[in-house]
Amino acid sequence: MCVNLCSSVLFLFQDQYDVIEKHTQSGLDLVERYIKFVKERTEVEQNYAKQLRNLTKKYTRRGNKEDQDCKFSNHASFQEILNELNDYAGQREVIAENMITRICVDLTKSLQELKQERRTHLADAKKAQQNLDTSFKQLENIKRRFAKEWAEAEKATQQAEKIENELNATRIEVEKVKQHANARTHTAEECRSDYAAQLQKYNKEQNLFYYTEIPNIFNKLQEMDERRIQRLAEGYCQFSDIEKTVQPIISRCLEGISAAGRKIDGKQVNDSTLFIEQHKSGFERPGDVEFEDYSHGTKSPAHESNLNQHKPRGKLWPFSKKNKCHLLPLLPIPSPFFLPFPPPSPIPPGSHPVSLPLSLLPHTSTKDFSHLPPEQRKKKLHAKIDEITKELQKEQDQSDALEKMKGVYAQNPQMGDPSSLEPQISETAQNIGRLKGELAKYEVDNDTMHITLNFRYNQSVQTDLPNSTKKSDQMFISSVRAADQSQNIYTEFDDEFEDMESPIGQCTALYTFEGNSEGTISITEGELLTVMEEDKGDGWMRVLRSNGEEGYIPSSYVKLSP
């Protein structure tokens, strides 16, 4: 819209009025279209964010087994990627929310104000046009009256002159005609004066309309339209700026995804080391089998001794088909017997069949690491004891420092108030007491673990041993209870002693069991098993499968055969 169109008096008002009305309406329609466009864009962002959140929720792992897998860097990195993607989805939601509040809401409010302002300006223009038309109609009426009265006056004057020139006309008639002509002429002069005054008034109103009122109205419309364009331009810029605002956060999310990928070692050294630490067997490789020469007639005493022994089943190696339970190093004992590997802790939640009641599974506690196999539990207990010992030493050092500071304050009151340190000293003392209690508990758990393992086995073999051996085992239990943890020396078990064990019964599997923990084996429902070691009260028993695989299973999963 050009300014010269608003200020020119050489255009037809109605045509220009219609053009301006259409132009301003077209601008407001564009604002409405842009608001609708932004709303649909926000719906796209919200749907995109919702789909991303559903995707991350779908692939986020849950449960203890998944948590255990997340200890490996490649599994943990994938979880970090899912977390970063979830944060990325949150930023898309922020974009949608800001576009609604900063673009759609603000532009909608401005649009309503512009529409009201436009209606007001157009109404003012119409009103000014109507006033000018009314004035012009009055001018036309006065003009027609002036023309009519002027014609009547001329006709009356001509009639008076005609009668005055007639010889037969009397003086009275001539005077009467002249008076009538003079009256008509006076009326015509009055109409002429009214016409001149109305014409002057109309011209003034017309000049005011074309030079003042209409230009002002059109200028206001022009200013309104320019403000609309400027506000729309700001909305265009905000469409980009809103996304630029969250772009640094989005970049950090993407960088977090890349960082999660870079955390993984190409050779997975850390993951391999962690896996080995969790599942290493702890026993040495088997030695060479000695050659026994049967070609000679005489047999050595050693050979006779070997013949009198039970033929061993052979070492069950972790990579062989027979998955034998791993060996656990124990405390030095005065008994001549070595102990077998104890039953592992119950399987993690999620490993047992869903149909089996949880009450049938052995009770476990994760606070004292009893849910872990003995070898791993031993390491966890040692690590926990070291951790508490370091914290306890730190608290004791802090307590000593506070006591020294309190003494300095007591000797030099200007340096501080000794009573102000009492809350910190009291809190430190409470921490020391708590840590000492935890340390004593874990040390007892560590000692009790070894005592329990040895005691369980002595109970299982006492029925087959002479009285002297039973007495020796009782001495062993007392000596182990008194043993100091710092004097522990670990040994390995003798595989050949285990091989001398004989079956004690049979049982049938009631449920399917997945032996995912170290020392356990998997069984299927209805499978016939050989019982090698009965339940000692901890909810586990050792069985032998038909394929030679041996390990521990929950006692509640099977039914003993009569």
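Going from the start of the chain as shown, residues are counted 1 onward.
Glycine is no exception: its Cβ is also placed from the backbone N, Cα and C atoms.
Range 378-405 is the one annotated as coiled coil, of 350-377, 378-405, 406-433 (source: TrEMBL). Per DSSP, the domain 'REM-1' (371-448) is made up of 72 helix, 0 strand, 6 coil. Shown for the domain 'SH3' (502-562): DSSP residue counts in helix, strand and coil, namely 3 helix, 27 strand, 31 coil. Residues belonging to the coiled coil (111-180) score a mean pLDDT of 87 in the model.
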